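Novice: Handing you a structure now.
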Amino acid sequence: MDNKTDNKNNLTPQSAPSSAPHKERLTPMMEQYIEIKAVNSDCLLFYRMGDFYELFFNDAIEAAQVLGITLTTRGKHLGEDIPMCGVPVHTADDYLQKLISCGYRVAVCEQTEDPAEAKKRGSKSIVRRDVVRLVTPGTLTEEKLLDPTRANYLMTLARIKTSDGEEFALSWIDISTGIFRVTESRLEKLLADIMRVDPQEIIVADSFFHDKSHKSLFNVLDCIVSPQHASLFDVITAERDICSYFKLSTLEGIADYSRPELSAIAAAIRYIEKTQITHRPPLMRPERQNESATLFIDAATRLSLELVRTTSGQRDGSLLKAIDRTVTGGGSRLLLDRLIAPLTTPSAIDKRLDSIAFFLRNTSLAEDIKLILKGGPDMPRAVSRLALGRGGPRDMASIQRGFEIIRELHQLLSNELLPQEISDVQQIFSHLPTALHLRLEQALADDLPLLKRDGGFIRPHYHKELDEMRTLRDESRRVIAELQAQYAQETDIKTLKIKHNNILGYFIEVTNLQATALTNTPQAKARFIHRQTMANAMRFTTTELAELESRIAHAANHALTLELEIFDTLVHEITEQVDFIRKAAESLAVLDVSVALAHLAEEQGYCRPKIDQSLTFCITAGRHPVVEQALRKQAAEPFVANNCDLSLQENHQYAAIWLLTGPNMGGKSTFLRQNALIAIMAQMGSFVPATSAHIGVVDRLFSRVGASDDLARGRSTFMMEMVETATILNHATQHSLVILDEIGRGTSTFDGLSIAWATVEYLHEVNHCRAILATHFHEMTALTEKLDRLHNVTMKVKNWDGDVIFLHEVTPGAADRSYGVQVAKLAGLPKAVITRATDVLQQLEQGEMAGKGHKLIDDLPLFSLKTTSSLNEDTNKYSMLHEAFKNIHPDELSPKQALEALYHLKQLEKNNPL
């Protein structure tokens, strides 16, 4: 993954002019532009000019290239043309989307007064303009700019330096829904925590970003990283700023946030205020995420298991795509949220499973709910847009439609004996603000415009004065038509038209030849007042037409003013109910996910897993959820189900480890992955692809399946493999599940075998975790003779006339060969190569390689299998020596003191031999 550093973070200021242009000989408008640009030099400036946003200088060059629009010029500066491009205001979202996706920040500069007000300040005064918003990847709210199926998180990453080292915290916000969460982290799990949230933009202090010791972290992030001044993370004023935002007198009783958490929360709030400028989005209070409440999945494991996206970045082929049957945007986001953070508390998992079981028993009810939910509105995002002043009549209609869905579902569920999770949903639905629901139904028209400025969104008969203004406006337009007919008859000009434009208002238009009929007598000249001569037409007005125009303009303007006042009143009432709207929307998502997972379980034949706190891991007839569905779509052979039992066995204190051998293409990697995916699905609260499943809660899941280089950090495939294996060995516990595929294959045979051998021993004797390890080192199968919890299993194959048939069945036992030559034959290698490879293989198998595994067992006692306590003793001894060395300052010692220090170290080593 390549991190996309914010193009506009002053590190690579591609959009800002290399040097600010001088103001000399510039128009007042261009002077204003340069002043505003100077304050927002790290952004592309969208400068409002009538119906366009215009960009100038380097901004224009950059934007024109990215957007594929015409680059032109306007005016000159220092003898050179000023580059300029522009985009229409009504399609600006489309262009913003492209710029944001390319890593740009955009400052939106609007006209804050109309030209008439500017003229009152003087004939040469220009319209006031101000930046009203900074658009960044993590602060989007517009429907066009957002993916309805995923959250749009802005993350702040805080670091606090202490005498003991560094402390970290993360906070993440989706301003489009109001979600606000925070958690503490550690350096070794920062990447995993960031990848779990999957933010669109990360805010860090510039000092942290430029710290060379953390460079590798930022190099691998696949999102925009925006370094900011360290003051954004100031922890001294953090509590004050947080209380100010949420209108609290104190944080006591809310949460006992740590200093890093306070820094991260405050930074998020300050950045939101910095980018939103004129509005404060209604955010939820920061919810602390407990590290132990969710299954820890490290970054490498998330990638290798392809939970949300495949390794090539596609959604198709991922676990999420395979299990998603939701019908709403909120449901899709909740399903994703559950998938990336499975639970570790059996009772909480069972609440979710109870909901699925309920809908499996009540399929008709589930179908009714699905029909009601299908295509339902995204209420949290609609209410956020309304609160931020970016919403329109259709967002208001989304709230009204959402209320209607809640009312229908509340009635539908009222006669059912509900499981706890659905009962909680029903309880929230019971608090529907019926008065507001009724008011929205009565107020909103059936056919709504996109923008409130277009008017016509309030239903007739809702507001008496508005109806009167509309009648006057519409009646006046009818009078215009009658007046046109009257003038045509009086002048005997059948083609006479009364037209309108924004410059002249209403006017009479005739051809140049016909104009003489309006000017040939003094009476006609007095009545028909000349306004404009065109190439082929002349334009006139009359006193009565001017008076009528004034009445129409007043009525139309007043009608729109009244509509906007009603809109603002309704927005205020809606935002007063923001807490209910968010809880209700979350409840709708819970219903959607529960019904969707019930549908998935019925469609795919999944079973309810048994989840407890034991060390059990027993899967009967497990299948890979993604591969199984792919085979069905291809009408291929059905997926071969396999059992997996790593459970605690009689007379053993810890769970089992399986050592899996077998041929290439035999299905080893699929078997490894499917068991990891089954564990994730079970703990996210889903039924699983098996006939039965009993899983003791997994606290940490580690998977090293597949291999790739990390060229950005100068790491080879083998180095990456060793780094990931080190993470597993250093952090796996007895409640963890470890999946390892072909450890040691990236180096020489003997090196690889040695590392794999020692790794299995360590997992067995130190980590005590549940594990499945696949290997081609058949010598390792002999380890089962001395490791009592290690069991050999193999992928079953059949030989038929010299060809190998893969049965994809896992059975007890060990493979004696890998069938690599047979696989090469299937791949189409030349016959001569296959023949030669077969000869070489036979010679090797008959030579000194034979029987190596048992010889190793005989020659190598289990010397490395130290107990955890003995390992801790070694660590303590090293710590004592390290502490002694740390307290020695050679430049400050006299010769006598140096000698005494040396004797002291010698005595320490003697008393604590390693």
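Cβ from N, Cα, C; glycine included.
Look at Swiss-Prot and you will find 1-24 tagged as region 'Disordered'. Among the features that Swiss-Prot reports, compositional bias 'Polar residues' is placed at 8-18. The ATP binding site annotation in Swiss-Prot covers Gly662, Pro663, Asn664, Met665, Gly666, Gly667, Lys668, Ser669.
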Novice: Have a look around Met665 (ATP binding site) and count the other CB atoms within 10 A of its CB, chains all included.
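Specialist: Met665 (ATP binding site) is surrounded by 18 other Cβ atoms within 10 Å.
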Novice: Can you give me the residues near the recorded ATP site, meaning same chain, not Gly662, Pro663, Asn664, Met665, Gly666, Gly667, Lys668, Ser669 themselves, Cβ no more than 8 Å from the center of the site's Cβ atoms?
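Specialist: Counting only non-site residues, the set is Met795, Phe806.
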Novice: Work out the three-state DSSP category of Pro663 (ATP binding site).
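Specialist: It is coil.
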Novice: Here the binding-site residues are Gly662, Gly666, Gly667; which one has the lowest number of other Cβ atoms no more than 10 Å from its Cβ?
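Specialist: Among the binding-site residues Gly662, Gly666, Gly667, the sparsest Cβ neighbourhood within 10 Å belongs to Gly667.
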